[in-house]
């Protein structure tokens, strides 16, 4: 295989870079009203989710498809996430204006709130891109998944911090940092989603098997009861024959 073939590494890397730049452009344009940041983020997660699962992903078509489908649902989620980040910001202002150095406990609490909010932000819009759920259910599921896969959640937050830090060294990266963070985090998120989807499918299959077995047993019982009713007279005559036969033993 030649490196410059259509299936070669150079072409694949070039394609991924081009997709990253295109999605960055779409994300920035569609996020300008601010309230639509959630829908834009969800759309980027949707595209990279298809890429990682090995499905055919059409950047423009899939981005705007997800953006339109999840537009209304994403608005209250965006507001909710915004409130979480605003709470973190206000708490930080309170610590800075205390007039003295905050205690270790208060500083730790601030870091904990930021970590939780960052993890929730990642999972909320990733879930919306993959599943049809209501706002409350998405927040609850995001909380459960983020703590059930705590190691990967911390890694994803670390990736986000690393990307943002790199943008300070290379200012041009600041433009692509949101989409790049989503692209890198999608590898971990889709893996976690796949684990739970497979577990749900296996549980559903076991449930179907048990239900079919129960139905078969009920059918057998019904057939047995019918046979008993039909052969009741025959059984009584057979018992009489048995008694008469016992006399000769």
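The backbone N, Cα and C atoms fix where each Cβ goes, glycine too.
TrEMBL does not curate its annotations; it predicts them automatically.
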Which range of 104-126, 196-218 is transmembrane segment, per TrEMBL: 104-126
Best-contacting stretch, by C-beta pairs under 8 Å, relative to the transmembrane segment (20-49) and drawn from 70-92, 104-126, 138-162: 70-92
Interface-richest range of 104-126, 138-162, 168-189 toward the transmembrane segment (70-92), CB pairs under 8 Å: 104-126
Tertiary contacts of the transmembrane segment (138-162), as residues 6+ beyond its ends and Cβ separation under 8 Å: 77, 80, 115, 118-120, 122-124, 127-128, 181, 184-185, 188-189, 191-192, 196
